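To start, the structure itself, in structure tokens.
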Amino acid sequence: MKFPKRIRTYCPRCNTHTEHRVAQYRAGKRRAMALGERRYRRKQEGYGSQRRPEQKRFAKVTKKQVLVITCTVCGRKRPFLGIRLKRLELVDVVR
């Protein structure tokens with residue numbers, strides 16, 4: 001699906017319709033020293049079963065693509081769409 005790189009939509013902080021930049025959401029780095037991560041690694045050591053079950057078959061064919069829009073006036077970022085797509089392409093719109 002082709003989606004424009006810039007859209008005009010409502011900004012809750014500016015309380016008006018403004019131009020927004022569109023980008024694809026990317027997850028941040030996982031913290032290796034977080035308690036859950038340390039607990040998971042400790043449980044995985046040695047012999048025995050997996051802490052979480054391995055998934056044998058998958059129910060979904062695609063992942064949900066989340067877009068993040070940034071207001072060009074105030075700089076506020078917010079998630080925009082979570083749509084199921086195989087491919088997402090951000091394109092410049094020629095007017």
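Just so you know, glycine gets a Cβ as well, placed from its N, Cα and C.
Other Cβ atoms within 10 Å of the Cβ of C71 (Zn(2+) binding site), summed over all protein chains shown, number 20. For C11, C14, C71, C74, the entry in Swiss-Prot reads Zn(2+) binding site.
Here Swiss-Prot flags 11-74 as zinc finger.
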For C14 (Zn(2+) binding site), nearby residues of its own chain (Cβ under 8 Å, 6 or more apart in sequence): C71, V73, C74, R76
